[in-house]
Amino acid sequence: MAHERPAAALEPELVQRLLLSCREAKKSAYCPYSHFPVGAAILTRDGRIFSGCNIENVCYPLGVCAERTAIQKAISEGHREFRAIAISSDLQDDFISPCGACRQVMREENSLLNQKVPQPPMEG
């Protein structure tokens, strides 16, 4: 019996493109302090892929993670609806997870989580 993919599942070709894009982006990482290159690629609702890498700064808070770089590139080009994100590092036997700041950006761009973002209460 053949298994059906869920409606939200990505086609294998898109998954491969997304993975290749995040691995390629990792090659451009600027990480002279951590020596931990990261690449990310985000898939828009209309099938475009935007990639990004981590860019460090000696002043740690001024660095930018790969996930936020990819998301911000997509948004700056007018894309606000996303289907998936892939993240790549040099870890061989473990997964990498987005940091808290990246998770907050993903939450703000709620289409990554398919949720409504509640509006903060008005101060007055």
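The backbone N, Cα and C atoms fix where each Cβ goes, glycine too.
The following features are taken from TrEMBL:
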| type | residues | note |
| --- | --- | --- |
| ACT_SITE | E67 | active site, proton donor |
| BINDING | N54, I55, E56, N57, V58, C59, Y60 | substrate binding site |
| BINDING | C65, C99, C102 | Zn(2+) binding site |
| DOMAIN | 13-124 | domain 'CMP/dCMP-type deaminase' |
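Closest to C65 (Zn(2+) binding site) by Cα-Cα distance, out of the binding-site residues E56, N57, V58, is E56.
Annotation: E67 carries the greatest number of neighbouring Cβ atoms among the recorded positions E56, E67 [cut-off 10 Å, Cβ to Cβ].
Other C-beta atoms found within 10 angstroms of the C-beta of C65 (Zn(2+) binding site) number 21, with every protein chain shown included. Close to the residue listed as 'active site, proton donor', meaning Cα to Cα within 10 A, are none of the binding-site residues out of E56, N57, V58, C59. Cα-Cα distance from I55 (substrate binding site) to C102 (Zn(2+) binding site): 14 Å (rounded to the nearest whole number). Neighbour counts of Cβ atoms within 10 Å were compared for the binding-site residues I55, V58, C59, C99, C102, and the top value is held by C102. Each of the binding-site residues N54, N57 was assessed for Cβ neighbours inside 10 Å, and the highest tally belongs to N54. Non-local neighbourhood of Y60 (substrate binding site): Y33, each in the same chain, at least six residues away, with C-beta under 8 Å from its C-beta. Within the set of binding-site residues E56, N57, V58, the entry lying nearest in space to C102 (Zn(2+) binding site) is E56 (CA atoms). Residues of the domain 'CMP/dCMP-type deaminase' (13-124) grouped by DSSP class, helix first, strand second and coil last, total 40 helix, 21 strand, 51 coil. For the pair formed by N57 (substrate binding site) and C99 (Zn(2+) binding site), distance between Cα atoms is given as 17 Å, rounded to the nearest Å.
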